[in-house]
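Below is one structure, written out as structure tokens; comments come after it.
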Amino acid sequence: MKRVHNFSAGPSMLPLAVLEKAQAELPDYQGSGMSVMELSHRSGLFTDIITNAEKLLRELMNIPDNYKVLFVQGGASQQFAAVPLNLMKNGKADFVNTGSWSKKAIKEAKKYLDVNVIASSEDDNFTYIPAIHKDMIDPEADYVHITTNNTIEGTAFHEIPDTGNVPLVADMSSNILSEEIDVSKFGLIYAGAQKNIGPAGLTVVIVRDDLIGNAAPQCPTMLDYQTHSDSDSLYNTPPTYGIYIAKLVFEWLKDLGGLQAMQARNEKKAAMLYDYIAASDFYSSPVKEESRSIMNIPFIIPGRDLDGEFVKAAQQEGLETLKGHRSVGGMRASIYNAMPVEGVEDLIAFMKKFAADHQ
Ligand code: PLP
């Protein structure tokens, strides 16, 4: 069997232990004679899966009781519309523009309400996270939206802004479960599953009770949080296999010591790579130090046209998908939860060799 170190920004690596467990259970899930894919979403076996998935996620993220966990479809991109459709009361919202995904969220929200961009790092190619103060926020805004980790640009909020009584909404697609966070600071968190949760097709929404039940009349039934809250995410057929894999990932994470242990491991991996880049005179990081993501690490080879050669040679060594996003160029190593420390060690060893061969 061949396994590579996959540095893709998403869909990304899953833990091998999770894949092996899924493989072993595939044709006959717990003596049912069916795979999870073939089980009714209303069966007892699937009810156990979805109930446990939610229980484990609550435990891992320490989600307070006054928050609902919803398993939905449509990706984080669908939430760009669902959030305004559910939260619009005064018809205006404040957004922080920290990159490509923020821009998409802003564009979609503008269809439904007045968007005020209260801070942006576009002036410097999104290489930093702008400071947010309470007095920048419109107290009448329906919510404040941030992208906690900017997958393409490689930046992340290291301090969660205090938005007072205005609910804070976060697109946490690329850093959910990577570190400990205080859920009570947010009104709503959403994330596409395909980085730290499981397969693409599942989207997780964590929403405070009081933000449910206020959807605009034109909000489609399937986008109304009330629909999924009232039915425990079983209004229609949910992405059953994705929820099953997510449950296995949550078990894996819990066995590893939960988010505290995962955060320590992620910080170690990121520090190894940033420290090597800083020490090297061949590579450099385009991102301001205080705003750097521990999940997505872009790097460049300044003054040389070697990106294509680097990516190709890395792939031949089992280091997959290191090409930077087409909008920023260079390279990007996405080192989500499932990337082992050895993957980063192997990448650094390759970078050293490549640099030596091209000095
Ligand atoms: N937001 C962020 C921060 C992302 O990284 C992505 C996908 O990579 C998205 C939103 C879009 O997610 P989806 O493809 O699930 O719609």
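Cβ from N, Cα, C; glycine included.
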Same-site residue for pyridoxal 5'-phosphate (record: TrEMBL; known: Ala76, Ser77, Trp101, Thr151, Gln194, Asn236, Thr237; options: Asp123, Asp171, Asp210, Asp255)
Asp171
What whole-number Å value do you get for the CA-CA distance of Gln194 (pyridoxal 5'-phosphate binding site) and Arg42 (L-glutamate binding site)?
25
Among Ala76, Ser77, Trp101, Thr151, Asp171, Gln194, Asn236, Thr237, recorded pyridoxal 5'-phosphate binders, what is the largest CA to CA distance in Å?
31
Spacing of the two Cα atoms, Asn236 (pyridoxal 5'-phosphate binding site) and Arg42 (L-glutamate binding site), in whole angstrom, works out to 10
Averaged over the whole of the domain 'Aminotransferase class V' (5-347), what is the pLDDT?
98
